[in-house]
Amino acid sequence: MTNIRKTHPLLKIINNSFVDLPAPSNLSSWWNFGSLLGVCLAVQILTGLFLAMHYTSDTATAFNSVTHICRDVNYGWLLRYLHANGASMFFICLYLHIGRGLYYGSYMYSETWNIGILLLFTVMATAFMGYVLPWGQMSFWGATVITNLLSAIPYIGTDLVQWIWGGFSVDKATLTRFFAFHFLLPFLVAALVMVHLLFLHETGSNNPTGIPSDSDMIPFHPYYTIKDILGLLIMLSALSSLVLFSPDLLGDPDNYIPANPLNTPPHIKPEWYFLFAYAILRSIPNKLGGVLALILSILILAIMPMLHLSKQRSMMFRPLSQCLFWLLVMILLTLTWIGGQPVEHPYIIIGQMASILYFSILLIFMPLTSIMENYLLKW
């Protein structure tokens, strides 16, 4: 008799996606992050659901409701810090996942890649709105500054900002709608993840060499299920250590001060995972120019397949491109550092130089290096 997992209409889909799925035999640990992101999303939806049961999205009570969760709800402090630090873990995995895609040429699967970019934007929007909900000082002023950027759009900008705010400033209407969207968007993310996997399973996974691996495939279970569980244990160890030993390490102390529209914090900044984009935004003196640079810093990923001029897909055998890739990583870390610093000399010029280098490496140096490497192959 045929195994039920291969015949049952529902189990068959799961079987073909996670059990009998043919996978390349040489996938490294860099291929673990997809499953880790799935776990992060599940953790965020579950902890968020329980937090939403106790949270109130009203400017008068939002801050106190978060305090109530931490002090009075059974394990409320654990839920709150798992959710806050789970977001950080989500973005760490997300950036490593994108980095893996850039390094090994996974962006050549353009449908999967484009859905991934859409996922990135959706997750960023969700995280931004979630940061507003505790209604601390940084929540309020972060929401004010970031939504205000839309006023740079010619003609409709000011009306658009007031439409999003639901008034003439960030207030009760803004908080209520942000809570509604913050609750809704993770389910959209989950739906997009399904589409992401659908397109991935149309082509099959890439592998570190970038060479087609059709002739040497192994079943996903047990080989990669075990490998994913190991990665999961490492990630959960890191997350639980962060939550239990240093839960406020990645947060901003200003967010423990209730939101006050009459008192501006000395340094308004977003969460650490947005600092690189924030640094690029600030490095351009013009408001509209800064907003465009901010959007393009992420949208540039969409043209990566067009900028791929190398005859080899992966960077595994391309040492010059590898050097540029790691330089890009260093620049992104520099931008993250600059985004958290005040707007003064020498941080301004460092941020501007790093921003120029970020775009130059992706748009100019990487394609030129690929052409040079193609030429060297002929020797």
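Yeah, the Cβs are placed from backbone N, Cα and C, and that goes for glycine too.
Tertiary neighbourhood of the transmembrane segment (33-53): same-chain residues 69, 79-80, 82-83, 86-87, 89-90, 93-94, 96-97, 100, 182-183, 186-187, 189-190, 193, 228, 231-232, 235-236, selected by CB-CB distance under 8 Å and a gap of 6+ residues from either end. The transmembrane segment annotation in Swiss-Prot covers 33-53 (among others).
Within the chain, the transmembrane segment (77-98) has long-range Cβ neighbours (under 8 A, six or more residues past its boundaries) at 30, 33-34, 36-37, 40-41, 43-44, 47-48, 50-51, 66, 69-71, 116, 120, 123, 127, 130, 235, 238-239, 242-243, 247, 250-251, 271-273, 301. Residues annotated as transmembrane segment in Swiss-Prot: 77-98 (among others).
DSSP assigns H182 (heme b b562 binding site) to a helix in the three-state reduction. Swiss-Prot lists H83, H182 with the feature heme b b562 binding site, giving similarity to another entry as the kind of evidence.
Annotation note: H97 (heme b b566 binding site) sits in a helical segment as assigned by DSSP. Residues annotated as heme b b566 binding site in Swiss-Prot, with similarity to another entry given as evidence: H97, H196.
A Cβ distance under 8 Å defines the sequence-distant neighbours of the transmembrane segment (113-133), meaning residues of its chain 6+ beyond its ends; these are 55, 57, 62, 66, 87, 90-91, 94, 98, 101, 106-107, 139-140, 142-143, 146, 174-175, 178-179, 181-182, 185-186, 188-189, 192-193, 195-196, 199, 270-271, 273-274, 298-299, 301-302, 304-305. Per Swiss-Prot, transmembrane segment is recorded for 113-133 (among others).
Here Swiss-Prot flags 178-198 (among others) as transmembrane segment, drawing on similarity to another entry.
Residues or ranges marked as ubiquinone binding site by Swiss-Prot: H201. Every protein chain shown contributes to the tally, and the Cβ of H201 (ubiquinone binding site) ends up with 14 other Cβ atoms within 10 Å. Secondary structure at H201 (ubiquinone binding site), taken from DSSP and collapsed to helix, strand or coil, is helix.
When Cβ-Cβ distances below 8 Å are used as the criterion, the transmembrane segment (226-246) is approached by residues 27, 29, 32-33, 35-36, 39-40, 78, 81-82, 85-86, 88-89, 93 of the same chain, each at least six residues removed from its ends. Marked as transmembrane segment by Swiss-Prot on the basis of similarity to another entry: 226-246 (among others).
Annotated transmembrane segment per Swiss-Prot: 288-308 (among others), in sequence order, evidence recorded as similarity to another entry. Long-range neighbours of the transmembrane segment (288-308) within the same chain, counting only residues 6 or more positions beyond its ends whose Cβ lies under 8 Å from a Cβ of the stretch, are 98, 102, 105, 107-108, 110, 113-114, 117, 120-121, 124, 149-150, 152-154, 276-278, 280-282, 355, 358-359, 362-363, 366-367, 370.
As annotated by Swiss-Prot, transmembrane segment applies to 320-340 (among others).
Remote same-chain partners of the transmembrane segment (347-367), defined as residues 6 or more beyond its termini with a Cβ less than 8 Å from a stretch Cβ, comprise 279-280, 282-284, 293, 296-297, 300, 304, 307, 309, 321, 324, 327-328, 331-332, 334-335, 338-339, 341. Positions annotated as transmembrane segment by Swiss-Prot, on the basis of similarity to another entry: 347-367 (among others).
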Looking at the binding-site residues H83, H97, H182, whose Cα is closest in space to that of H201 (ubiquinone binding site)?
H97
Reduce the DSSP letter at H196 (heme b b566 binding site) to three states and note it down.
helix
By a simple count, how many Cβ atoms lie within 10 Å of the Cβ of H97 (heme b b566 binding site), its own Cβ left out?
20
Listed in sequence order, residues with CB under 8 A of H83 (heme b b562 binding site) and six or more positions away:
Q44, T47, G48, L51
Inter-residue C-alpha distance, H196 (heme b b566 binding site) and H182 (heme b b562 binding site) (nearest angstrom):
21
Rounded Cα separation (Å) that holds between H97 (heme b b566 binding site) and H182 (heme b b562 binding site):
23
